[in-house]
Amino acid sequence: MSIVVKNNIHWVGQRDWEVRDFHGTEYKTLRGSSYNSYLIREEKNVLIDTVDHKFSREFVQNLRNEIDLADIDYIVINHAEEDHAGALTELMAQIPDTPIYCTANAIDSINGHHHHPEWNFNVVKTGDTLDIGNGKQLIFVETPMLHWPDSMMTYLTGDAVLFSNDAFGQHYCDEHLFNDEVDQTELFEQCQRYYANILTPFSRLVTPKITEILGFNLPVDMIATSHGVVWRDNPTQIVELYLKWAADYQEDRITIFYDTMSNNTRMMADAIAQGIAETDPRVAVKIFNVARSDKNEILTNVFRSKGVLVGTSTMNNVMMPKIAGLVEEMTGLRFRNKRASAFGSHGWSGGAVDRLSTRLQDAGFEMSLSLKAKWRPDQDALELCREHGREIARQWALAPLPQSTVNTVVKEETSAATTADLGPRMQCSVCQWIYDPAKGEPMQDVAPGTPWSEVPDNFLCPECSLGKDVFDELASEAK
């Protein structure tokens with residue numbers, strides 16, 4: 001099946017609804033992906049890219065339904081990665097002498113994957129052109145390290161279509177091809193996820209390369225990407241977003257992520273978040289347990305944030321493995337213009353938080369004070385966590401904080417209500433976790449100020465997951 005992109009340009013790619021892992025298991029493609037290949041039929045017939053190698057046979061068969069393979073005059077490979085050029089071996093077995101136009105670096109990559117140095121390679125550089133008849137040309141633009149050394153874009157004159165390779169794409173599968181036909185919220189979420197997780201390390205190259213392309217003064221009516229939608233409605237909107245994202249991007253947002261062995265570090269994360277929100281209600285705060293969350297969603301939130309707080313328990317004097325792995329990945333992504341703070345709990349010996357602070361600094365984050373707690377944090381320790389959050393909110397504020405005494409008044413009233421109206425704290429008889437009515441249990445939607453009698457019957461202890469029936473009134477408060 002083919003789809004008309006514009007005039008004599010047809011999409012002949014492959015949708016992949018089922019793919020859930022990309023680049024090994026490093027990128028979760030929760031909404032599938034597509035491998036976009038384009039057939040241009042002018043006086044000369046040109047195929048731009050192929051599809052992922054696992055669809056090689058289907059691709060060649062479908063292409064054969066569109067055109068006699070012997071009538072393909074040129075093959076353009078914008079990128080040699082296997083999700084772009086994976087079907088080359090299957091295709092070239094049918095038309096082995098067809099010229100392949102690509103960068104010099106692409107020849108090395110293609111031969112490294114396909115092992116056919118005898119293919120008819122033709123090296124192109126920025127500004128080189130290829131006449132395809134009917135007054136039209138292909139213009140080639142090298143884009144090294146966006147995101148491989150071999151990468152390039154191809155522009156078709158006359159139709160004013162930019163075949164942009166990985167740039168401006170997204171791992172997003174939909175039966176509709178064009179950007180104005182799909183769910184806009186989904187689309188732009190996937191665009192940002194794609195940029196944050198794949199292109200962020202190369203942000204310093206994005207702006208000059210876009211500027212170079214714009215310097216050709218060529219009209220762009222469409223941007224035909226290698227993955228996801230074709231931008232036909234206001235195609236420059238995604239270009240403008242890339243320029244914004246490449247410029248040390250941040251929002252008024254803080255991301256907290258952690259791993260924990262006994263929920264102690266989780267308790268710290270919750271209290272820190274409470275302190276941040278109490279001091280700066282304008283800032284968006286998101287908390288993730290790395291063991292239970294989509295890693296790429298965490299990294300996308302880090303990309304959006306002005307700062308991150310990373311928490312870990314201490315295990316064998318070092319940080320938890322999932323935290324170590326995620327920090328290593330952040331190092332590779334080379335985030336800029338972001339602050340960080342490390343926190344965590346430990347038992348008889350620490351070490352993880354200091355190690356984590358060093359790793360975050362090495363990753364390029366501007367470091368703020370770290371925070372440690374021994375064993376399970378008690379009420380005093382949790383208050384220190386909240387105060388840490390308040391201080392973070394003050395230090396990281398992008399604008400002057402609101403001058404208000406509301407929080408102070410509310411805090412005084414809540415404190416009075418805790419002792420006068422909310423009843424005693426309750427302690428789990430199994431693990432000793434304490435429910436404080438003044439603080440509630442946000443992870444189970446129990447709001448601060450909820451007395452034990454109003455806590456839902458399906459409440460479970462956050463530590464041992466047992467029900468309300470194992471709780472007793474805290475001994476020190478029993479009458």
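Using the three backbone atoms N, Cα and C, a Cβ is placed for every residue, glycine included.
Quick look at what Swiss-Prot annotates:
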REGION    30-210  region 'Zinc metallo-hydrolase'
BINDING   His79, Glu81, His147, Asp166  Fe cation 1 binding site
BINDING   Asp83, Asp166, His227  Fe cation 2 binding site
DOMAIN    254-393  domain 'Flavodoxin-like'
BINDING   260-264, 342-369  FMN binding site
DOMAIN    423-474  domain 'Rubredoxin-like'
BINDING   Cys428, Cys431, Cys461, Cys464  Fe cation 3 binding site
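Report note: the Fe cation 2 site is defined by Asp83, Asp166, His227, and the residues of the same chain whose CB lies within 8 Å of the CB centroid of those residues, excluding them, are Ser33, Tyr35, Asn36, His79, Glu81, His84, Asn165, Gly169, His171, Thr225, Ser226.
When other Cβ atoms within 10 Å of the Cβ of Gly347 (FMN binding site) are tallied across all protein chains shown, the result is 14. For His79 (Fe cation 1 binding site), the nearest neighbour among the listed binding-site residues (Ala352, Met367, Cys464), judged by C-alpha distance, is Met367. Secondary structure of the domain 'Rubredoxin-like' (423-474) per DSSP (helix as H, G, I; strand as E, B; remaining residues coil): 9 helix, 12 strand, 31 coil. Listed in sequence order, the residues Ser429, Val430, Gln432, Trp433, Pro462, Glu463, Ser465, Leu466, Val470 complete the 8 Å Cβ shell around the Fe cation 3 site centroid, once Cys428, Cys431, Cys461, Cys464 themselves are left out. Taking the Cβ of Asp362 (FMN binding site) as centre and 10 Å as the limit, one finds 10 other Cβ atoms among all the protein chains shown.
Mapped onto DSSP helix, strand and coil, the domain 'Flavodoxin-like' (254-393) counts 65 helix, 36 strand, 39 coil. Taking only the Cα positions, the spacing between Ala352 (FMN binding site) and Cys461 (Fe cation 3 binding site) is 27 angstrom. Between the C-alpha atoms of Cys428 (Fe cation 3 binding site) and Gly347 (FMN binding site), the distance comes to 21 Å. Listed in sequence order, the residues of the same chain lying 6 or more apart from His147 (Fe cation 1 binding site) and placing their CB within less than 8 Å of its CB are Asp166, Ile198, Leu199, Pro201, Phe202. Across the fold, the C-alpha of Cys461 (Fe cation 3 binding site) and the C-alpha of Ser357 (FMN binding site) stand 31 Å from each other. The Cβ centroid of His79, Glu81, His147, Asp166 marks the Fe cation 1 site; residues of that chain outside this set whose Cβ lies within 8 Å of it are Asn78, His84, Leu146, Trp148, Ser151, Asn165, Ser226, given in sequence order. In space, Asp362 is the closest of the binding-site residues Thr260, Ala342, Ser357, Asp362, Cys464 to Asp83 (Fe cation 2 binding site), judged by Cα positions. Counting Cβ atoms from all protein chains shown, Asp83 (Fe cation 2 binding site) has 25 others lying within 10 Å of its own Cβ.
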